[in-house]
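Participant: This is the feature table in Swiss-Prot:
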ACT_SITE  Glu83  active site, proton acceptor
BINDING   Ala9, Ala10, Met11, Asn12, Ser13, Gly14, Lys15, Ser16, Asp82, Glu83, Ala84, Gln85  ATP binding site
BINDING   Cys140, Cys142, Cys177, Cys180  Zn(2+) binding site
Amino acid sequence: MAKLFFRYAAMNSGKSTQLLQIANNYESMDKKVALYTSAIDDRYGVGMITSRLNIQRESNTFDAGFDFLAHDYGDTACVLVDEAQFMTPEQAQQLHRLAHKRNIPVICFGLRTDFQGHPFPGSAWLLSLADDVEEIKTICHCGRKATMHIRIDGDGRRVKEGPQVEIGGEARYRAVCGRCFHHD
């Protein structure tokens, strides 16, 4: 029986690298995978899943109006979703149905919370619906386990207000532990 998996972490933890490794594992056994990433995240080009190890793959994109159930997955062995925090609650429900009604494993990777510690709606629903939830670990600059992230400006100063979604990588965000998150 297929499952819905959610693998979450702070930024710069290797989520995209793991997703690309899983895709490679399936494809090395001549199995077909369906790759998705958010159309919002265009740091490396629209429809590109890119790891910080400079591994890159083309991908399908989803936006708020995308319906995962409308696609014909045919002989797809696994559905892999990067940047899953940008999904809508309805899309998280669609992926749950896809795993359980069409018997296709779905593995989602994303952030749990934003730079203010607020949950992303897509992630909140994945945490509720996923059959298997796994935290991918990374470390804070102080050496503790990073579970949060902060937004920084061009001078490296913390930004505490602003829109929930602002695309950026290491130049805009840092993974931090809870203690450093609350440090003023």
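Just so you know, glycine gets a Cβ as well, placed from its N, Cα and C.
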Participant: Apart from Cys140, Cys142, Cys177, Cys180, which residues in this chain have a Cβ no more than 8 Å from the mean position of the Cβ atoms of those residues at the Zn(2+) site?
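Facilitator: The surrounding set, listed in chain order, is Ile139, His141, Gly143, Arg144, Ala146, Val176, Gly178, Arg179, Phe181.
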Participant: Check the Cα distances from Glu83 (active site, proton acceptor) to each of the binding-site residues Ala9, Cys140, Cys142, Cys177, Cys180 and keep only the ones within 10 Å.
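Facilitator: Qualifying among Ala9, Cys140, Cys142, Cys177, Cys180: none.
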Participant: Please list, in sequence order, the residues in the chain of Asp82 (ATP binding site) that are at least six apart in sequence and whose C-beta is under 8 Å away from its C-beta.
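Facilitator: For Asp82 (ATP binding site), the qualifying residues are Lys15, Ser16, Leu19, Leu35, Tyr36, Thr37, Ser38, Ile49, Ser59, Phe109, Gly110.
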Participant: What three-state class does DSSP give Glu83 (active site, proton acceptor)?
Facilitator: coil
